[in-house]
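Feature annotations, courtesy of TrEMBL:
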type	residues	note
COMPBIAS	1-10	compositional bias 'Polar residues'
REGION	1-32	region 'Disordered'
REGION	885-905	region 'Disordered'
REPEAT	347-388	repeat 'WD'
REPEAT	607-639	repeat 'WD'
């Protein structure tokens, strides 16, 4: 082979630190791992050695990691404020406040959490101070947070639980004091702890200052944790569920001298199925009986409870407290069992678990939701249902506003909407990144095992790409919600606006199965194809995707194959290379997302005796070309060709020339053994990566099985192999990039090879290489052609490490530890912008850029960080009020209290405002017709310049007030 590579012995010697280039630099050689945090990140001063200092603080400061943006909404009821102006949404590691008027992020308050598994598990609004919320994390930290932004430190107080765990949170009000005149309302915070080896599940009460009061409920040893826990504030009742057991607690005394006397008496009964959702309401009774205060209070109210179960039924229990007390009093009677005494009303429409269940404020309806993507309204009097179908995801949570005029619906595709209860139309919609996330606990639909359902808990890899023509957009391959993503189904392309961190749209790229019941006749879940690779062309006009589907292993019996045979599954594998017109969507002037038109579809771009998988996809940085590498050992370069008919170019309705994509060059890179001869472990270990040179003149392809692999330099214009090197990687191959003359290879080692000098620049081993072969750990590699740097991300059990390198230096320019796992890593696609974009397994987005670079990547910030929330508050006080013409006459009339209004409005064109010269706190009032005279003076095509429009509007606001008489 021309230009044969350096031998494996030489490479091994250079890898150990004996190369000439390394001797010239006189760096200390280390055999420790770059991801060992004791070496790269932090150490105590006593442990620091000379070899630990190769990350200099001066170099570290050049690269910075931004704050997290976005995130994943957790399965907790959001909070809609009483005035319905703000929506408080709990995320895994933060709570975010949105404005319902424009669905914009107002404030993001991160919560301290040591790792991804100990995120937020409870959120409640403070009953005595609406500006505060209570937040519980799985690590047992209970915090009181000021969500309004009025205090410098949002977290006012926090305390850990005794067991260091928490599973849910609830609040209630208690009257404390001796006489009626001295009684005050005190808030009590209830925390449900997780069962541990040393203690069972407990419900502990804290006061408003987070002072421990006492234990209200203690489950028997061996019982599972509480799945739900709520309170009825008006009645002082507590109800919870664990497994099939339902618990209803009543206070032993309604008159407390102090909170230390708080105690509850719990009644329990077993439901017919696993409980997944509960809700209760108070039904006031007209009659009143004499007796003690406690008995009289209980007789004046009736408690109705609705319970949703894992197999779909809903049980409604009316006057449940009276019946439970009667059962408790008649425990000696064996003829009357719990089921016969309670006699619930059963309603069944959901096929699977009822995820959320709420009573309407008037008590006439039940609102439920589940995996059917449908909001169900149960009319209890007529036993009829109303439906709001075709939602974008599985309904996880439902919240009814305080006035009952709105519903808040949280979906598992990381979105939440506010619906009007009258028309069921959305008034606010918030949607974030819908990538797959790591879920530590079982989902509600998975509580009941079903045939053919297998779920992956750690497959969080996300295919991500940035468009050079629209660098503010991030494109992800996602599934139809969190549950579908865990099945391995990711057939959709989601576009996210990085400037606002809001989802622009979602389009099906691969074949989808949108049916009412997405299951096979045998009950197995239908698995949609998964998008394996995605890349944009250099000009952003074309998008190439690779989607693959193979029959699941549980369908082998249908194919007539044995349990261990997979040949028939391989023969039925479907692989498609699709080219999409991305320019059409970018040129669209409408705010709505325009679907990408499909230009070409290549069936089975790589095959041997059966369709083969595509190992990698790369885009030419200078020309509209794509390259693919398949398991067949062939690298193919694809390019567009204009469509012609009778020698004339074919154009569409808009006059745009149509193209079709063809294979221009095919190069065989497998020369060691035939792919057909491979089988078993060797075939499964086949790996490959591709990368174009900066000028698009050559294509570097790495192909092999395990340690036995080669890297080839291919002429991208002729298809000739110019150079080849063997044994340039060790173990699993995770990344290959070409940055200038340097070939960067990421496997169990990080190696930088200089093609021009034909020598290894440096090589660094990675610790725990077994992690890089398992599902719990993986590595990513990305290059920044603008700054001439590359980034490496490594996942492990404790989080992830991000390292920034220069090709000619083995010293990391940045070493940053993430508590979460990095799911995707990409470099900036805009020609004049540098930096890296990081997406973790909590759907959080980070930017990594140089502090001195003004052209770095920028993601959305909240209104609070941009200081726009204060401007809005000021505008609401001193801002502009738009009035209709019908309101003009009423402005000069006296108010209802007999006093004249503060200002008089002159309806002439020259608006005058009667205010005091010394005080300009009154708002400038502009009539509607004055703005119409400005904006409707000419048709759209003859509109005056924007500068003139701005000056005219500013003139209305800048009129000097008339001096006081």
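If you go along the chain as it appears here, the first residue is 1 and each next one adds 1.
Backbone N, Cα and C define each Cβ position, glycine as well.
Unlike curated entries, TrEMBL annotations are predicted automatically.
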Intrachain residues whose Cβ lies under 8 Å of the repeat 'WD' (607-639), provided they are six or more past its termini: 532-539, 541-542, 544, 546, 548, 567, 570-571, 573-575, 577, 579, 661-670, 675-676, 683, 686-696, 699, 701, 703, 714, 716, 719, 736, 785
Summary of DSSP states over the repeat 'WD' (607-639), given as helix, strand and coil counts: 0 helix, 19 strand, 14 coil
Counts of helix, strand and coil residues, the repeat 'WD' (347-388), according to DSSP: 0 helix, 24 strand, 18 coil
Rounded mean pLDDT for the residues that make up the repeat 'WD' (607-639): 93
